[in-house]
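Chemist: I have a structure I would like to understand better, so I am pasting it below and will then ask my questions one at a time.
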Amino acid sequence: MVALTLITFFAAIICCSWTKNLPNAPSPNIIIMLMDDMGWGDLGVFGQPSKETPNLDAMAAEGMLLPNFYTANPLCSPSRAALLTGRLPIRNGFYTTNARARNAYTPQDIVGGISKDEILLPQLLKTKGYVSKIVGKWHLGHRPQYLPLKNGFDEWFGSPNCHFGPYNDQSIPNIPVYNNSEMLGRFYEDFKIDRETGESNLTQIYLMEGLDFILRQTKAQQPFFLYWAVDATHAPVYASKRFLGKSQRGRYGDAVMELDYSIGQILKWLRTLGIDNNTFVFFTSDNGAAVMSGPNESGSNGPFLCGKETTFEGGMREPAIAWWPGHIKEGSVNFQLANVMDLFTTSLVLAGINPPDDRILDGLDLTPLISRPIFYYRGNELMAVRLGEYKAHYWTWSNSWEEFRQGINFCPGEEVPNVTTHEQKEHTLQPLIFHLGRDPGEKFPLSVLSKEYQDALSRISAVVQQHKDTLVPGIPQLNMCDSAVMNWAPAGCEKLGKCLKPPESNPWKCDWPH
């Protein structure tokens with residue numbers, strides 16, 4: 001039944017017969033390329049005027065563009081947890097109840113991480129012989145029990161947290177970089193990021209790690225899952241010397257150009273090894289561009305309102321491209337609503353694995369007879385819902401007046417009266433409804449007196465009620481913080497002489513300001 005509900009979606013994506021149904025067909029390799037804070041409007045194919053993403057634009061020309069693709073949350077950690085579990089953060093526990101509608105993630109002092117009750121994508125793929133590797137940022141918890149190799153991945157090269165820093169290793173330790181289960185060093189100390197110039201070779205290191213993994217699994221004739229979660233476009237943005245100063249868009253554009261180049265190299269490598277026809281590749285981003293970071297550290301969300309941290313379109317609609325030569329029709333565009341959680345079920349269906357039936361999975365209603373909704377959560381609050389072209393806001397909030405007066409603006413140059421509100425404004429009795437086809441920028445709410453409004457509200461209300469009736473929130477994992485759990489002494493630090501002494505444990509309720 002689960003596979004049947006997804007067939008229509010893939011009928012739109014895959015023009016040939018289902019290879020999973022052929023008895024002698026090999027299991028396809030799966031590559032998910034997840035960018036960090038990259039916006040919908042950062043790609044030439046989506047209208048970026050600098051046209052500095054030739055490889056991604058070619059990927060779209062050779063595959064499928066998905067203009068209505070969404071993340072599951074406007075912030076990094078919850079969206080990544082949703083991708084790997086196929087479940088909304090409110091279900092998998094990647095949210096906080098410390099305050100209403102607060103964005104929460106996994107900084108160094110977070111106590112929690114991905115729940116042991118969740119089943120992650122690599123754990124299921126392993127049942128069909130897949131070898132899985134994550135390259136780049138994990139962000140689902142940095143304590144030992146939460147790390148990738150404890151949650152189904154066979155290999156890992158990257159970091160458990162964002163590349164913030166540098167720190168003095170006294171009050172805050174620098175973030176470690178891991179090779180599998182042991183650290184190799186720390187950002188800024190052993191893996192350099194020059195905060196003044198923006199120079200760093202990390203993207204090239206991540207590229208080589210990905211290429212090497214693909215080669216080894218191809219030689220071993222093993223189906224593989226590569227989760228390439230690079231983070232150069234997350235502030236502080238960085239690029240290698242070859243790309244610095246090359247973009248019309250400043251340092252952020254330099255980072256995009258290097259990522260575009262690297263993606264081109266990966267696709268070229270698949271062709272060279274002769275496995276492109278047996279490798280499903282999907283490109284997207286974890287959330288919208290961080291427009292509050294300003295032009296040098298932030299991307300573009302195109303015509304959409306606001307950005308990262310908000311449940312307006314700029315915060316949750318993502319660039320997305322599916323690529324699979326011989327299976328996906330070249331140059332196709334799929335306007336169907338889709339979500340990053342669909343990649344969980346998609347990957348299982350392609351691998352011939354039945355999704356878990358002991359839990360609710362989100363994003364399964366993909367038949368043409370049932371309009372697939374998009375749920376916009378911010379923390380523990382359902383802020384908005386999209387059904388077809390209509391989006392209803394039940395709550396609006398950009399960020400607080402206090403932050404705004406300090407110069408922190410989640411919607412710079414895009415303030416819309418009574419929409420981008422600086423207080424949590426409830427609209428549950430009379431939601432703001434926008435037609436995103438005519439008004440992608442969410443500037444002109446429909447008149448509540450119009451028949452169009454009443455018809456849209458009636459359809460969306462039924463979806464919301466059904467969702468709430470079946471919702472069983474997971475235990476929140478992002479409530480407690482403690483400086484003692486920071487990356488003081490990761491596994492392998494003894495060999496490197498990089499173990500640091502942690503302070504005494506003194507847990508507190510994390511403060512999530514927005």
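Cβ from N, Cα, C; glycine included.
Taken from TrEMBL, the feature signal peptide applies to 1-19. Per TrEMBL, the feature domain 'Sulfatase N-terminal' maps to 28-353. What TrEMBL lists as Ca(2+) binding site is Asp36, Asp37, Cys76, Asp286, Asn287. Positions annotated as active site, nucleophile by TrEMBL: Cys76. Residues or ranges marked as 3-oxoalanine (Cys) in TrEMBL: Cys76. Residues or ranges marked as active site by TrEMBL: His139. As annotated by TrEMBL, N-linked glycosylation site applies to Asn201.
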Chemist: Taking the Cβ of each of the recorded positions and counting other Cβ atoms inside 10 Å, which one has the highest number: Asn201, Asn287?
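Modeler: The most densely surrounded of these recorded positions is Asn287.
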Chemist: Averaging the per-residue pLDDT over the domain 'Sulfatase N-terminal' (28-353), what integer do you get?
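Modeler: Result for the domain 'Sulfatase N-terminal' (28-353): average pLDDT 97.
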Chemist: Where's the emptiest Cβ shell within 10 Å among the binding-site residues Asp36, Asp37, Asp286?
Modeler: Asp36
Chemist: I'd like to confirm something. Which of the binding-site residues, Asp36, Cys76, Asp286, has a Cα closest to the Cα of His139 (active site)?
Modeler: Cys76
Chemist: Tell me the Cα distance separating Asn201 (N-linked glycosylation site) from Asn287 (Ca(2+) binding site), rounded to the nearest angstrom.
Modeler: 24
Chemist: Would you mind reading off the Cα separation of Asn201 (N-linked glycosylation site) from Asp36 (Ca(2+) binding site), to the nearest angstrom?
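Modeler: Cα-Cα, rounded: 17 Å.
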Chemist: Near the Ca(2+) site, what residues other than Asp36, Asp37, Cys76, Asp286, Asn287 in the same chain have a C-beta no further than 8 Å from the centroid of the listed C-beta atoms?
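Modeler: My list of surrounding residues reads Met35, Met38, Leu75, Ser79, Asp231, His234, Ser285, Ala290, Lys308.
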